[in-house]
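In TrEMBL this protein carries:
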type: TRANSMEM; residues: A:7-29; note: transmembrane segment
type: TRANSMEM; residues: A:49-67; note: transmembrane segment
type: TRANSMEM; residues: A:74-93; note: transmembrane segment
type: TRANSMEM; residues: A:164-185; note: transmembrane segment
type: TRANSMEM; residues: A:191-217; note: transmembrane segment
type: TRANSMEM; residues: A:229-250; note: transmembrane segment
type: TRANSMEM; residues: A:330-351; note: transmembrane segment
type: TRANSMEM; residues: A:363-390; note: transmembrane segment
type: TRANSMEM; residues: A:396-415; note: transmembrane segment
Amino acid sequence: MNNFIKSIDWFSILLYACLVFIGWINIYSTTYSSDHQGLMNLDTFHGKQLMFIIVSFLTIIITLAIETKFYERFSSVIYLATILSLAGLFLFGKNINGATSWYAIGGMTLQPSEFAKAATALALANFVSDIQTDLNNFKDLLKAFAIICLPALLIIPQPDPGSALVYLAFFFVLYREGLSANYLLVGVFGAIVFISTLLIGTLWVSLITIVILILWYFITKRRKRKISVFRLVTITIVTIAVSYSVSFIYDHVFEQRHRDRFSLWLRLEHNPAELDHIRKTIGYNTYQSESAIGSGGFSGKGFLEGTRTKGNFVPEQHTDYIFSTVGEEWGFMGSGLVVLLFAALVLRVIFLAERQKSSFSRIYGYSVASILFFHFAINIGMVIGLLPTIGIPLPFFSYGGSGLLGFTMLLFIFLKLDANRINEW
Amino acid sequence: MRKLLLAFIIILTTFVYLGRLTYLQLIDNSSQNPLDDTAIKAVYDYPERGHIYDRNGKLLVDNQPSYDVMVIPREVKPLDTLEFCTLLNITTEDFDKKFRKANNYSPRLPSVFVQQLSKKEYAVLQEKMRKYEGFYIQKRSLRHYITHVGANVLGYISEVNERDLKNNTYYQSGELIGRQGVEKQYEETLRGRKGVKFIQKDRFNRVIGSYKGGIYDTLPVPGKDIQLTLDIDLQAYGEKLMQNKRGGIVAIEPSTGQILTLVTAPSYDPALLVGRERSKNYTQLYYDSIAKPLYDRGLIAMYPPGSPFKAVNALIGLQEGVIDENSTVVCNGGYHYGRGAFMRCHCSYGSINDMNRGIYRSCNTYFASTYRKIIEKYPSAEEGLNAWNEHVKSFGLGDFLGYDLPIGKAGRVPSATTYNSIYGENRWFATNTISNSIGQGEILTTPIQLANLTAIIANRGSYYTPHIIKKIENDTIAHDFIIEKHTSIDPENFEPVVQGMHDVYEKGTARFLKIPGIEIAGKTGTAENFTRIEGKRVQLTDHSIFVAFAPVDNPKIAIAVFVENGYWGSRWAGRISGLMIDKYINGTVSRTDLEAYVLQGSLIDEYEKPLGGESFYINDGKTYNEWPKPKEEEIPQSKAINTPTTDE
């Protein structure tokens, strides 16, 4: 036991505790009203969240108490159980705010997708760490994809596309474990074509692509590793085809609300008055959260003094937009600190993962880091207006029992694995 | 490389996000606008709106305080309802009802609880208001009208609407803006500038103090008082004379261009558009589409000027040198100007008219012949008409004039282009436009233009832009109003025309209207008019028009009067002009016979004719035929012009 206390990574636990504590403080602030309510009043969000924190603490003890080998051995079982629970939502799920993502048990609700991330990470780690698995073997790669995509496909129709998007995080893991860089390049290439098509139109994308590839041909002509004309032409045709299909999908498959999000994000509307109008209507949430954060200034307005927070200007402020409270009440000091704390935690997890002897632990740890990073980057990016609106929670911060429990288990299973690394061989 | 990619992306993201936060929180301060912040409340301090006086310094409009009890339902704490209700003079049921209503509107925003307390009620309540949390008294300022006339000049104020808010960022919802008349024209002068104080509140909505020590606060700038050129007694007399008739009176002081009277009839009491009944009254006035009390006939009704315009043609004839005052024209009861085209005149066969007789007998033949000489002086009709057009325009016709009231019409003075589009280029001659000689046809004027035209004749060729503003407190009036403007006619050419107009009173169509002790020059006029009944063009009884100025040698007043469907010039408009001149110059009315006729007379029956749904007679004068129609009165133009085009 002494050994265990020594070997567990207290630095990660400290970061975790800080984030949970700051998160709760801010939930308290958003739901605070002048009528004094007890901290444990279960009618308030902060009261419930405090209870979830206590439950999480118990969960941590249980998670750490379980034998390390259990996670590896039972990963398939856990994964299957999760898949079943996701599928079961179609039959028994409870609809809240238009999404059937919850089971109602007694007075509480449970959101299985929050636990599915940990389960998927375990299953993927188990499969990839198998000595016989080779990610450059197409069949194995397909299996790995299947493990990742199955829960995502079950989550999309809930509908909760934001949570499904998080499963893209696992590509970092696969890449780390030997997936060909070409997949990554294709992904980056696709993203560039998509965004530039929206920004400058298909015609310019086609022209620029042709110019770049012709230049590329002439520059590499004299070298040994010169590119074949056939490949160049293929790339050009593919680019133009992708660009055309992007603009077709954007105009004909996307709904207006989707287009509005992109046009706001990429500032596709050039008329300043019209843009301002879009910002205040379609981009209302983002506009309000940016204003709230901006009004915090350097040192913030102070705890419970956030006027926009108090005036309920920012919608969903206790869940997805919790970071705007940090920005308003604690200013640049507070919001900068939170960003640094998250970065520190994710980097710490990567560092820990890299020192694992067991490849199962390493892959799982890498998954944890990727998932946390994805959530952190997408959520804060949305709140500060750098990314389009994608509704996913900020880990450890956002109000919600399932989320807090899910992220806590995700992290502490890894800390347990890490604490046990000396016993591995 | 594979190990470092994610770490690299994380660090990159962190820097980008910190950069974005730096921009939002440290550089961009657009979200730190105090008006945008719920914790900072802007409290406005409204200055008193300026008073309005008449030309003799009589107070016309000032302000009355009005006190509303306001409520913010959320902030109301348990109170002694019974005592509060006694103070407000309402029942407890009323209290419950009003409170529920306010709460339904918004628990957080102020609603009016009891409107417009009297000063006495306010005094009692003010002492005890502290006890009732969530209630407060809002002082407002309403217009208070000392006069009951001149509504069309004074205008009114009302709450700003969506469009005002969009067009002018000064205003905020619930504030007042001048809507019509001088209230609109001199809105910024009368209004002043509101002051603002920013007050910081804490999270319990308690006031902590002024925001940032008051660096953004401003003091109110009080509204300025204005004095109008209007003579309110004359205005009141004019409105009285116009009762039961429709039409307008415009009187101008020729030596300054000051508007003495601007009557439109029917009108309304300006006090109707203030206070609790405002909205109801306005709706009623607005939807009266028959009498149109909100339609300022003196400024925006356009009519063919008729015979008074003959004076202009006489002046142009003299200026162009095509006639002199001794030129004569033989009138054989009308004027032949083309194959089968004949303009009738009431002169007996073989009358020989010089200019003087031409004017006071209003001879159509004389002016048709003069007009033709003017146009045909030039090689082509086009050039002739344009030269004529230039002269006419120098009288301020066909133009908005530039007076300081917010509404107006330009009227119309035909040019060569007008006829080119009707007949085609070079396909028309002076004779095609002959109606212009007697002020009919394509030419249209507003009553204020006609009054200004009269003032020009009174001044022998010059004028000041008509205006309603006499003085602004600590300020000057627009420079344009004190600059003398000139017509294209030389002053000496006016004398014969003035003499002719004077003889209208001495020997002519207005000789029955002479006012003892005052030398008046005037001119009668008649204008045809039409309406549409079930899509058919139907002629109504002619409008009665009269212009005059007096005294002839040192004019103090120039006046234009028109009475809708009044039949002929001297019948209504002539009488009213004389009475107004007498009232203004002598301060009393000596021709009580004329006054009695006008005050007792009513044209209500005439106005109801086209609404009756039956066929009716026009220009019959049956009801008031006790006054014989003067023989020399011009023949209504419908019968005078016998061209093939007029019946179309």
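Even glycines carry a Cβ here, placed using N, Cα and C.
Any TrEMBL annotation is an automated prediction that lacks curation.
In this chain, the transmembrane segment (A:330-351) touches the transmembrane segment (A:7-29); three or more CB pairs sit within less than 8 A of each other, excluding pairs fewer than 6 residues apart. Among the recorded stretches A:164-185, A:191-217, A:330-351, A:363-390, the one sharing the largest number of Cβ pairs closer than 8 Å with the transmembrane segment (A:396-415) is A:363-390. Each of A:49-67, A:74-93, A:164-185, A:330-351 was scored by its Cβ pairs under 8 Å to the transmembrane segment (A:363-390), and the highest score goes to A:164-185. With a threshold of 8 Å between CB atoms, the same-chain residues lying at least 6 positions outside the transmembrane segment (A:330-351) that come near it are 9, 11-12, 15-16, 18-19, 22, 293, 296-301, 303, 323, 365-366, 368-369, 372-373, 376, 380, 395, 397, 411, 414.
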